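Pasting a structure below so you can have a look.
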Amino acid sequence: MDSSGASSPDMEPSYGGGLFDMVKGGAGRLFSNLKDNLKDTLKDTSSRVIQSVTSYTKGDLDFTYVTSRIIVMSFPLDSVDIGFRNQVDDIRSFLDSRHLDHYTVYNLSPKSYRTAKFHSRVSECSWPIRQAPSLHNLFAVCRNMYNWLLQNPKNVCVVHCLDGRAASSILVGAMFIFCNLYSTPGPAVRLLYAKRPGIGLSPSHRRYLGYMCDLLADKPYRPHFKPLTIKSITVSPVPFFNKQRNGCRPYCDVLIGETKIYTTCADFERMKEYRVQDGKIFIPLSITVQGDVVVSMYHLRSTIGSRLQAKVTNTQIFQLQFHTGFIPLDTTVLKFTKPELDACDVPEKYPQLFQVTLDVELQPHDKVMELTPPWEHYCTKDVNPSILFSSHQEHQDTLVLGGQAPIDIPPDNPRHFGQGGFFSTLCWQDQKSEKSFCEEDHAALVNQESEQSDDELLTLSSPHGNANGDKPHAARKPSKKQQEPAAPAPPEDVDLLGLEGSAVSKNFSSPAAPPSNSELLSDLFGGGGAAGPVQSGQSGVDDVFHPSGPTSTQSTPRRSATSTSASPTLRVGEGATFDPFGAPSKPSGQDLLGSFLNTASASSDPFLQPTRSPSPTVHASSTPAVNIQPDVSGAWDWHTKPGGFGMGSKSAATSPTGSSHGTPTHQNKPQTLDPFADLGTLGGSSFASKPSTPTGLGGGFPPLSSPQKASPQPMGGGWQQGGGYNWQQTQSKPQSSMPHSSPQNRPNYNVSFSSMPGGQNERGKAAANLEGKQKAADFEDLLSGQGFNAHKDKKGPRTIAEMRKEEMAKEMDPEKLKILEWIEGKERNIRALLSTMHTVLWAGETKWKPVGMADLVTPEQVKKVYRKAVLVVHPDKATGQPYEQYAKMIFMELNDAWSEFENQGQKPLY
């Protein structure tokens with residue numbers, strides 16, 4: 001007898017002897033546990049009943065179209081069962097309404113039903129539940145499905161297991177591989193997860209999909225028939241499955257298919273218990289197997305009750321499954337890591353670097369097989385993947401959804417999808433330089449519209465699909481049409497790395513580039529026509545911020561913005577020096593960054609000279625190193641245009657203040673750089689400029705050396721004179737400027753923006769009224785003069801939730817969608833649902849009065865209001881009415897919320 005029970009601190013000595021004390025205390029704990037378990041069971045059963053009735057009432061079926069001709073569903077039942085959504089009569093009605101006399105059902109579960117329900121077109125496969133199917137059966141079912149689809153273009157296959165997850169998914173994935181849609185398991189699994197989430201494929205399932213790929217490869221692999229001897233199994237480190245979490249008591253089972261042929265399980269006392277200190281588990285087997293082999297290891301447990309009943313329980317540690325025909329002939333050791341093992345569901349029970357090792361040996365002679373495998377003498381080269389679809393567009397969309405590029409676009413390497421494995425898919429027999437791309441440009445080129453012919457596109461070999469109805473292996477093996485180019489192209493010199501820096505002299509036809517950021521901003525502010533495309537005889541700048549876009553997308557790789565604008569040193573024209581603080585000779589004195597967005601004046605811009613130089617060497621050592629990034633927000637010369645903001649620069653003849661030569665004018669560096677000097681004067685003027693305003697008074701920065709000034713100011717250079725200009729001078733006559741050091745011209749940071757009409761007592765109200773208007777359109781005065789509105793029209797959904805609602809509204813019943821919007825954020829919250837029920841009731845309902853949250857504080861109030869709501873929306877009162885189904889859905893939501901309210905103890909609101 002264990003002494004721990006007698007010495008337990010919760011036992012009182014007044015209860016008597018040790019045995020009766022233990023029985024009494026144990027009985028109390030037993031009934032307490034029984035009460036808790038019974039309560040949880042009833043709660044779970046009640047919730048499952050409600051969910052089942054809800055789903056049945058709403059007409060939901062567990063029914064998924066993986067393709068238009070492959071359907072997956074869960075098990076159909078003849079009777080109502082808890083937790084099952086598919087009733088056989090509903091499924092038959094649905095299939096007969098859409099695919100009458102053109103569907104066949106494949107039952108993969110060991111459970112059966114009356115096949116007459118589906119017009120006796122049911123194939124019983126009886127696959128095991130927690131294992132992968134045998135390779136023989138998997139291949140045979142795929143071949144049967146293909147033959148059925150081949151008979152009539154309207155035929156469809158309906159696949160189901162118990163839950164419509166793992167077994168159904170491996171069959172559909174194998175069917176994709178069988179029809180040459182995919183040549184690797186990865187895209188097939190991704191497509192299955194996209195179409196039916198939560199399929200739960202185990203590593204053994206994926207392994208068998210790989211076997212199907214080997215059987216259906218260009219050079220198909222044929223499994224051998226040599227028996228395999230498993231000498232021993234080694235597990236390291238020792239997993240933690242006992243109560244102390246320091247070891248386990250393992251035994252091993254070996255199965256061929258579903259038949260157990262060997263086990264090491266013995267009497268509990270005779271079995272060895274392994275501890276963490278042992279380091280590994282070693283179990284000798286010496287069993288010979290052939291075909292589909294399953295190796296499972298269990299932990300044997302024994303409790304006091306099981307000892308009295310002479311029973312033991314077990315917990316599965318892991319399971320692995322493989323086919324002996326795919327093991328290489330010289331293999332002696334098979335290693336499986338934790339991601340390659342099945343049934344490893346509790347990660348904390350497995351130490352790091354957990355692995356299983358099988359010591360094996362292949363026999364030299366083949367075993368005579370009773371049945372010929374279905375893959376023998378079966379040619380799959382004529383199998384067309386288009387048989388899985390009803391249209392070519394569906395075929396293309398499925399390839400994209402599975403993570404593989406469509407057949408008319410060069411795909412990535414399937415082994416390293418999405419990681420730039422592009423050059424491995426090129427057909428090097430066709431030496432066209434137009435098909436040489438940078439890896440970083442591949443993703444951008446795929447998304448652009450291409451003007452190439454089909455023959456040019458076929459020069460990029462695709463390992464997965466076929467095009468234009470050719471044979472399915474035309475994509476795997478290049479045909480004559482792929483090897484012979486449509487028209488020989490002259491050899492061209494391509495600078496892949498951009499080391500030479502010179503533009504290609506030959507002009508190529510390139511697809512129209514989408515508008516860049518600078519073009520969009522240029523059109524927005526009225527200066528879109530300033531820049532034109534770079535001619536073929538000139539050296540253009542391949543800048544992503546340039547309005548004309550890159551010069552070519554096929555002949556030369558696209559340079560990044562960093563390589564064109566952020567060079568460490570800049571080459572300046574001959575004899576020219578660069579002063580970053582001096583004013584340039586352009587007509588607009590403050591156009592520091594506008595030259596990056598205007599190509600019309602690029603010939604005289606010292607900033608663009610280094611990017612046009614074919615040599616990366618520096619020719620002006622006296623030039624300081626400047627790092628300039630193109631600014632897509634616009635130039636600084638927006639004040640020179642009478643219409644407001646302008647992106648491009650004007651010529652020297654349009655401004656009386658600019659110089660006509662290209663040499664930069666040097667000026668003294670200003671002593672004060674105060675960009676906030678005019679912040680206090682923004683309240684009294686509008687940003688919209690007037691056409692009749694004199695030069696420099698258009699609501700912006702005045703040009704340098706403006707004729708409006710009486711004399712040059714010693715402290716008003718470059719930035720400060722334009723930045724400190726008083727904006728309110730646009731409303732008064734021009735005045736001669738005073739020296740910058742005078743107190744009248746200094747910036748005032750204490751201005752309170754009190755330019756409001758009315759007296760001192762009325763200003764608070766006026767400010768409150770104007771605040772809302774300013775928030776509604778803060779920049780309306782800027783854009784109103786240019787023909788734009790400050791209010792952005794909402795033409796589409798702006799959030800993910802709105803986009804999801806928009807998609808649901810296309811397919812879902814409007815009444816159901818309204819119910820979902822009602823319960824959003826209020827799931828099973830009885831108070832929230834009752835207080836908002838008036839928003840979801842049907843038209844014409846006048847009995848229900850809106851209830852506030854203040855009337856739902858106590859449980860009694862909630863109960864009273866809930867009963868009133870039930871009387872209003874009860875389905876029995878809506879029998880025969882057009883809103884009967886709608887009332888039933890409202891009633892179900894209220895019923896679920898009330899059940900949750902009762903389960904939580906009917907707590908008051910506060």
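One-based numbering along the chain as shown.
Positions of Cβ are set from backbone N, Cα and C atoms, glycine also.
Note that the coordinates shown come from a computational prediction; the quantities given were computed from them, not determined experimentally.
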For which of the residue intervals 33-44, 429-440, 789-800 does Swiss-Prot record region '3 X 4 AA approximate tandem repeats'?
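Of 33-44, 429-440, 789-800, Swiss-Prot gives region '3 X 4 AA approximate tandem repeats' for 33-44.
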Between 1-9, 199-207, 307-315, 406-414, I'd like to know which one Swiss-Prot lists as motif 'SH3-binding'.
406-414
Using DSSP, tally how many residues of the domain 'J' (846-910) sit in helix, strand and coil.
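The composition, in the requested order, is 42 helix, 0 strand, 23 coil.
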Within the domain 'Phosphatase tensin-type' (52-219), what mean pLDDT does the predicted structure show?
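Overall, the domain 'Phosphatase tensin-type' (52-219) comes to a mean pLDDT of 88.
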Helix, strand or coil: which one is Ser109 (phosphoserine) in, per DSSP?
coil
